[in-house]
Amino acid sequence: MAEIPTSSNPSDDPETQKLNGNEEDYDHHHDEDPESDDENYEYALQIAEMLPFPMVMKTAIELDLLGIIATAGPDRQLSAAEIAAALPAAGNPDAPAMLDRMLYLLATYSVVTCTAVDGGASGGVVRKYGLAPVAKYFVSNEDGVSLGALISLNQGQAFLASWSKLKEAVLEGGIPFNKVHGMDVFHYQGTDPRFNEIFNKAMYDQSTYIIKKIVRRYKGFENIQRLVDVGGGLGHTLRVITSNYPSIKGINFDLPHVIQHAPTIPGVEHVGGDMFESIPNGDAIFMKCILHDWSDEHCLKILKNCYKALPRKGKVIVVEMNMIEEPQTTPLAKAISQLDVCMMTQSPGGKERTRREFQTLAEAAGFAEFNPVCHVAGFWVMEFLK
């Protein structure tokens, strides 16, 4: 019979240590860094309970909570009761308390600031909330745009439902969005007017913010006479570019059903067509957030058509985020990775690419030179030179 080992000193027994009140010694004996272990567990808790943050952000956008605070004036802070008073009358006496808890959560993510003041005769404290620096991107600016629509899109039912099919897609193949809705996201837009409205607003708002920064920083539009915007939508990007460079003749190229709704823009001609078939000729071709929608095979078709449409020394100006080859933990690295997984889940073959992958595509399409020019608000402006 095997002999059961015993300790010559009963106090060495872990259970005895606990019973004798030496639990701290017991923990240190079995865990050399209990503080680090606690921090890791706390981080794990944050991950396990992370869903409320994006959903509270979505609700804050829908209720315009940040806009209400902004309207109060620069550096002003409002209590939840004051914010609730600015909402449409809903008849809910608990609204201030609910808003306080939601805004408290946003304060932990540095979306809003918070100052606790003495509640006076009511006892306790009253928390007042202001806008943290990041909040301005979720409040409509002078152009009427913000990232709020992007939150409404990503947290909307059409996209949220797709995530339920991610496991199935990993095991069996396919695109989660298509599995839920029976079609890809681009065709789905034609069946759901509300989704189409939110999608277009999200793309328009982000594009407006980015292109205005690009025209201030990127000097490659100089000396271009004819610029083709592939996938240009309603032509807003060319409106901004040509207003800054009046000598440019803009060709806004998109699908016919998109172009038919495009407004008249001085200096811009709207042309309907299919980028997989052919692309109008120009001195330069502009593509912002087009390649990330498609697989490498589809991107090569697009880029080869661009190559055919350009003169010698012509260029394609590509604006895309660049994945970093080794994961980092910066806000931008997380944003790009999150977008990449969104593309995997929602888009037919779309993905975010590394700079090396963009260079490989450029060379495979026949371009002689790949030139990353400048970094603008998370996006790279890259030139593919013929």
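Note that Cβ sites are derived from N, Cα and C of the backbone, with glycine treated the same way.
Per Swiss-Prot, active site, proton acceptor is recorded for His292, and the stated evidence type is sequence analysis. Around the Cβ of His292 (active site, proton acceptor), 19 further Cβ atoms fall within 10 Å across all displayed protein chains.
Annotation comment: Swiss-Prot describes Ser207, Gly231, Asp254, Asp274, Lys288 as S-adenosyl-L-homocysteine binding site, evidence class similarity to another entry. Ser207 (S-adenosyl-L-homocysteine binding site) is surrounded by 19 other CB atoms, counting those within 10 A of its CB over all protein chains shown.
Annotation comment: Swiss-Prot describes Asp254 as S-adenosyl-L-methionine binding site, evidence class sequence analysis. In sequence order, Val230, Gly231, Gly232, Gly233, Ala262, His270, Gly272 are the residues of the chain that are 6 or more apart from Asp254 (S-adenosyl-L-homocysteine binding site) and have a CB within less than 8 Å of its CB.
The two recorded residues Ser207 (S-adenosyl-L-homocysteine binding site) and His292 (active site, proton acceptor) have their Cα atoms spaced 15 Å from each other. Within the same chain, residues at least six positions away from Lys288 (S-adenosyl-L-homocysteine binding site) with a Cβ under 8 Å of its Cβ are Ser207, Ile210, Ile211, Gly231, Thr237, Val318, Val319, Glu320, Phe379. Counting every protein chain shown, the Cβ of Asp274 (S-adenosyl-L-homocysteine binding site) has 12 other Cβ atoms within 10 Å. Across Ser207, Gly231, Asp254, Asp274, Lys288, which the record gives as binding S-adenosyl-L-homocysteine, the greatest C-alpha separation is 21 Å.
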